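The domain 'Exoribonuclease phosphorolytic' feature in TrEMBL is assigned to A:11-141, A:161-226. If you look up TrEMBL, you'll see A:ARG87, A:GLY125, A:THR126, A:ARG127 marked as phosphate binding site.
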6 protein chains.
Amino acid sequence: MSRIDGRTPDQLRPITIERNWSKHAEGSVLVSFGDTKVFCTASVTEGVPRWRKGSGEGWVTAEYSMLPRATNTRGDRESVRGKIGGRTHEISRLIGRSLRAVVDCKALGENTIVLDCDVLQADGGTRTAAITGAYVALADAIAWAQGKKLVKAGRKPLIGTVSAVSVGIVDGVPLLDLCYEEDVRAETDMNVVCTGDGRFVEVQGTAEATPFDRAELNALLDLAAAGCDQLAEIQRTALEATR
Amino acid sequence: MSRIDGRTPDQLRPITIERNWSKHAEGSVLVSFGDTKVFCTASVTEGVPRWRKGSGEGWVTAEYSMLPRATNTRGDRESVRGKIGGRTHEISRLIGRSLRAVVDCKALGENTIVLDCDVLQADGGTRTAAITGAYVALADAIAWAQGKKLVKAGRKPLIGTVSAVSVGIVDGVPLLDLCYEEDVRAETDMNVVCTGDGRFVEVQGTAEATPFDRAELNALLDLAAAGCDQLAEIQRTALEATR
Amino acid sequence: MSRIDGRTPDQLRPITIERNWSKHAEGSVLVSFGDTKVFCTASVTEGVPRWRKGSGEGWVTAEYSMLPRATNTRGDRESVRGKIGGRTHEISRLIGRSLRAVVDCKALGENTIVLDCDVLQADGGTRTAAITGAYVALADAIAWAQGKKLVKAGRKPLIGTVSAVSVGIVDGVPLLDLCYEEDVRAETDMNVVCTGDGRFVEVQGTAEATPFDRAELNALLDLAAAGCDQLAEIQRTALEATR
Amino acid sequence: MSRIDGRTPDQLRPITIERNWSKHAEGSVLVSFGDTKVFCTASVTEGVPRWRKGSGEGWVTAEYSMLPRATNTRGDRESVRGKIGGRTHEISRLIGRSLRAVVDCKALGENTIVLDCDVLQADGGTRTAAITGAYVALADAIAWAQGKKLVKAGRKPLIGTVSAVSVGIVDGVPLLDLCYEEDVRAETDMNVVCTGDGRFVEVQGTAEATPFDRAELNALLDLAAAGCDQLAEIQRTALEATR
Amino acid sequence: MSRIDGRTPDQLRPITIERNWSKHAEGSVLVSFGDTKVFCTASVTEGVPRWRKGSGEGWVTAEYSMLPRATNTRGDRESVRGKIGGRTHEISRLIGRSLRAVVDCKALGENTIVLDCDVLQADGGTRTAAITGAYVALADAIAWAQGKKLVKAGRKPLIGTVSAVSVGIVDGVPLLDLCYEEDVRAETDMNVVCTGDGRFVEVQGTAEATPFDRAELNALLDLAAAGCDQLAEIQRTALEATR
Amino acid sequence: MSRIDGRTPDQLRPITIERNWSKHAEGSVLVSFGDTKVFCTASVTEGVPRWRKGSGEGWVTAEYSMLPRATNTRGDRESVRGKIGGRTHEISRLIGRSLRAVVDCKALGENTIVLDCDVLQADGGTRTAAITGAYVALADAIAWAQGKKLVKAGRKPLIGTVSAVSVGIVDGVPLLDLCYEEDVRAETDMNVVCTGDGRFVEVQGTAEATPFDRAELNALLDLAAAGCDQLAEIQRTALEATR
């Protein structure tokens with residue numbers, strides 16, 4: 001079986017990570033997974049939210065949003081509707097949790113890093129692209145904070161790497177990194193967030209049509225783990241390039 | 001190792017499902033998983049939301065909420081704050097998806113069933129108790145709709161059963177059905193939604209502290225599958241009782 | 001004339017007050033006036049709202065809400081609509097005022113007690129059941145605060161008892177404690193809040209159809225005063241039971 | 001005892017009702033009760049809200065609001081805060097109910113009249129001034145609608161007159177039409193809405209400090225009834241003047 | 001060509017400025033430009049918004065609003081809709097900027113003056129009437145603050161005068177101070193805010209139908225400058241009257 | 001005098017207009033004025049807002065927004081705050097008005113075009129860049145609608161071209177196209193929107209510090225007109241390139 005864009009089942013879309021896309025942010029990345037393009041900025045501020053003050057620990061959080069015309073038909077702006085939808089909330093929380101899994105908040109000290117992930121163009125996998133790109137922006141922001149001595153000398157707030165990919169079962173076949181058309185047709189859809197050393201941070205599998213069994217779950221996890229391995233390599237390459 | 005409440009690692013808390021808790025709702029259940037108590041009502045209305053009109057298909061959705069003092073310290077009412085938090089949105093969406101997995105919307109016809117899951121007392125596992133109880137309220141509501149001929153004769157909208165349970169790793173040990181104190185201490189936390197025939201509808205695993213590996217994931221899935229088996233049995237017994 | 005549920009005009013519905021319904025709240029009561037069931041919790045926190053700081057006085061306030069399916073047809077959640085309706089506001093304010101009438105805020109000291117009154121099932125008289133039940137939850141909460149030494153030794157913040165009942169004129173006959181069907185048909189509807197010693201805290205009479213004259217007003221006040229006497233006795237009995 | 005402004009206990013403040021204060025509204029009145037000034041407009045539109053369509057009956061509703069600097073210290077605009085406070089809701093509902101008590105909605109036909117009562121300057125009794133003034137604006141608007149044939153020939157939507165006044169007990173003395181300073185010091189505060197023929201539409205009595213007994217309640221009702229009689233006369237005079 | 005109300009092209013409508021319209025506000029004015037009537041109050045409070053604290057400088061801001069029936073058909077209240085419209089925001093900001101142009105914030109010291117401009121009746125030119133009237137209320141409020149020693153002796157926070165007028169091209173003819181009917185028909189519409197010494201604070205010209213050329217722009221600016229001269233004279237006369 | 005970035009007073013920043021930046025939108029442009037980068041998409045939908053239905057005329061509107069980290073310090077998302085700020089509203093309205101000035105809504109027929117202008121990076125002049133870029137996206141969208149026969153054959157909805165530029169007086173010198181640092185220091189700031197044939201659509205001049213006189217106004221208008229001429233040329237070149 002050949003996929004809609006000619007990929008093999010275990011093949012990622014073309015992935016690009018462009019750093020330093022903004023002159024203002026402490027870290028900024030334009031990440032693309034095929035036609036999905038997400039602009040990720042990392043903003044560092046001294047101090048932490050009220051509930052964390054005095055703890056000596058930092059905080060990392062994320063906000064995800066889609067431009068109104070990132071999709072095929074224009075959606076209402078959430079700022080105009082006056083409230084944030086459930087999906088937006090859910091994805092923002094997922095990104096924040098995923099990144100915090102590789103941050104040592106004690107080492108970060110009482111600093112806050114906010115990751116803004118704005119989807120400029122959507123073609124499936126926006127949350128996984130956001131996590132993968134945001135990690136790189138976060139790494140740049142932490143390096144900046146270290147350079148500015150906001151982080152105490154010798155402390156290493158970044159304790160691992162993290163990336164994410166979607167997998168799903170389409171017409172009975174487990175596929176890696178679904179594009180929008182595949183995503184719509186998937187019987188089961190799963191987002192997997194892995195660390196660079198191959199462990200899981202998040203596993204979110206959903207049966208869209210029919211429930212899935214343990215064998216299918218295992219096949220999807222295999223695919224995802226291999227995909228995240230490749231993404232970790234791409235992140236490393238991007239970060240090794242001179243800034 | 002003995003658990004805080006004396007259970008073995010693979011033991012559920014005492015589970016009760018009381019039907020017909022409301023004289024108004026078409027289905028209503030007070031479910032308790034130990035000290036977690038959720039009041040689930042199923043409301044049937046003819047017709048479907050605008051975007052589904054004319055499709056011939058029904059709709060099942062859910063709203064989850066916590067009373068302000070369901071928890072140890074009082075939380076603000078979301079109606080007073082004027083907006084719904086991310087966690088509430090996320091759980092409402094999860095409950096709705098889980099129930100739709102066992103409903104044949106075509107057989108339901110253009111009727112809507114709304115499941116309200118209001119947590120009266122929280123002690124960990126509120127979302128899994130909500131799904132487990134809401135399924136029973138849903139079954140009663142569908143029976144009611146069939147009795148009222150809202151559903152065409154011979155149609156069976158309910159195509160399976162569904163329940164949910166939390167599992168997690170606490171001090172390195174995989175545990176079933178975490179209470180609040182265990183949940184807070186868990187290194188990894190997973191909510192699993194299963195059908196009565198043992199397949200998965202949702203798998204949501206999150207590393208709270210350290211990422212988890214494939215072996216841990218497998219151990220948790222084993223525990224959860226066994227727990228859901230028992231919950232399915234408890235649901236069956238509750239539904240077989242005379243109304 | 002016999003009433004819809006067989007009561008005499010001056011007869012209350014069966015009233016029950018169950019204390020300690022929550023393991024978290026400092027006071028908690030499930031009160032029922034016939035089929036009307038309200039869950040009242042009292043939450044004690046040290047400190048007072050900003051505008052009262054430094055006054056040495058405490059504060060007691062209330063929030064009333066109805067579960068979406070407490071009524072015969074499901075209502076929208078106010079948290080989902082993003083704003084609180086006029087009726088909800090009005091009743092919350094009434095409950096708060098009624099309870100403050102029997103509290104000596106100076107004796108309470110700078111502590112805040114919030115009464116949450118959530119209607120689980122509605123069949124007329126939800127606000128009067130809420131006040132009657134909330135008083136008991138409040139008494140338990142104050143006793144708790146005294147036990148915890150949040151209230152200075154020798155201070156008695158509770159200076160009386162308070163209960164409430166609805167009365168109305170249906171088909172020309174003054175009736176006590178209207179159920180929903182009577183309430184809908186009432187020409188005049190009145191909520192009366194009385195202290196245990198027979199004085200009035202609130203009198204709210206409304207002509208739904210035709211205005212009422214002074215004689216009718218007097219007949220309703222007589223009925224209400226007698227009803228509140230009985231409610232005060234029921235509250236006393238409930239509070240005398242061992243916790 | 002002499003009152004702060006030299007009135008006797010049973011004396012109203014100077015009352016003025018100026019009609020036709022707006023060139024746009026179908027009825028408009030600037031009413032003053034001493035220094036309390038409320039601008040009342042009545043807006044007639046054909047048609048009724050969705051829930052009343054096809055009933056053949058009209059609808060009358062009210063919105064009350066205070067300009068930010070109507071009071072001694074500036075309050076936040078509710079439009080800026082993004083939500084309406086409980087007090088505003090409560091008073092808007094009271095005004096609407098009071099006016100509907102003298103309107104035959106069938107005779108009005110499917111027309112809607114909205115009364116806007118905006119407090120330009122507040123000095124106690126804003127809700128009672130609003131009701132008293134809004135009645136006159138309503139009468140003008142109904143006359144306009146009759147002139148425009150929006151109301152069927154021969155139909156009389158206005159079936160009575162209505163006015164309102166506050167009464168209260170200050171230093172143990174029952175007083176009529178409290179100004180702000182008296183209102184603040186009142187032990188008991190009552191708003192009474194009466195029809196022109198001396199019956200009650202609303203009676204809302206609240207113990208601010210100590211509960212009140214039946215004798216006090218009676219004294220207040222006597223005062224209020226006499227006050228509303230005078231207000232009805234003032235309304236009549238205003239309406240008899242050439243428009 | 002004669003205008004709809006008989007004015008010459010360069011003639012203002014009858015302008016009135018009544019001071020001391022409120023007993024509460026530190027400055028208050030009812031300004032009318034023909035049938036446009038705006039109630040302007042200036043509220044002085046000690047202290048400044050958080051972002052300005054410690055600067056030693058004061059702050060002047062404005063809020064503009066229209067009563068629901070200020071116009072020919074009733075508009076929804078922004079407090080009821082729960083958000084402020086774009087036009088309201090825009091005009092509030094314009095009024096604030098215009099007034100700040102003649103205030104020396106250093107001389108004002110850390111005090112805040114809020115100008116509330118509530119349109120009671122609208123007939124074109126509400127924002128220009130608001131600016132013109134608000135200036136007078138501001139002058140009174142600053143005089144009050146000087147009298148109360150909130151402003152340091154010898155400091156003069158008011159460094160000029162400011163007024164505003166609309167101009168527009170109707171049927172090819174430049175006209176001064178458009179009423180509503182002219183405004184609707186204008187090809188180009190311009191609001192001009194001038195100081196008393198003839199300089200510009202704001203120039204906002206908008207082509208409603210066809211773009212305008214430089215000659216038309218010049219003609220409009222000439223008209224507006226002359227109109228503002230007259231308004232400055234009217235303001236001066238109003239302020240010279242005994243308070 | 002040399003400017004901060006070495007430009008002469010009458011020199012634009014480097015301007016780039018990249019078309020077809022989105023695969024979904026009917027028109028899409030990334031416009032940059034120096035470091036200011038705005039992503040403009042034009043979305044075409046059949047039909048018009050309710051208030052315009054049946055008129056036979058189309059509608060063009062715009063929404064402007066800034067990504068949270070478009071500026072030097074991160075701002076709150078308006079979707080998170082739950083309301084849109086005054087500045088955002090004001091600019092959205094300006095962009096919409098400016099584009100409608102060059103659209104024949106009758107020729108457009110009952111179609112709606114929404115221009116979304118999202119600022120990716122801000123360095124002064126975001127609204128003028130947005131208008132200039134949005135025009136090009138609009139032109140592409142109209143061409144698309146003509147190709148799809150949404151616009152009747154022979155109709156030309158686009159009746160001109162429009163661009164915008166900021167001008168201001170810095171240290172007494174009139175400058176064209178201010179960058180952020182200049183904008184902050186400007187005594188007077190003006191945004192001018194011109195058609196391709198040199199007429200004005202909008203002129204918005206604001207004295208930030210000291211009012212400006214007629215001579216200064218004239219100097220700024222001269223600068224702006226020349227700048228818009230150049231921008232019109234750049235737009236023409238961009239649109240002539242093969243799509």
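Glycine residues also receive a Cβ, built from the backbone N, Cα and C atoms like all the rest.
Shown in sequence order, A:TYR64, A:ILE91, A:VAL119, A:ALA122, A:GLY124, A:THR128, A:ALA129, A:ALA130, A:ASN191 are the same-chain residues outside A:ARG87, A:GLY125, A:THR126, A:ARG127 whose Cβ sits within 8 Å of the Cβ centre of the phosphate site.
Using DSSP to sort the residues of the domain 'Exoribonuclease phosphorolytic' (A:161-226) gives these counts of helix, strand and coil: 19 helix, 30 strand, 17 coil. Per-residue pLDDT, averaged across the domain 'Exoribonuclease phosphorolytic' (A:11-141), gives 96.
Residues in the domain 'Exoribonuclease phosphorolytic' (A:11-141) partition by DSSP class (helix H, G, I; strand E, B; coil) as 42 helix, 43 strand, 46 coil. The sparsest Cβ neighbourhood within 10 Å, among the listed binding-site residues (A:ARG87, A:ARG127), is found at A:ARG87. Listed in sequence order, A:THR36, A:VAL38, A:TYR64, A:MET66, A:ALA70, A:ILE91, A:VAL119 are the same-chain residues six or more apart from A:THR126 (phosphate binding site) with CB atoms under 8 A from its CB. In this view, A:GLY125 (phosphate binding site) is surrounded by 26 other Cβ atoms within 10 Å of its Cβ, with every protein chain counted.
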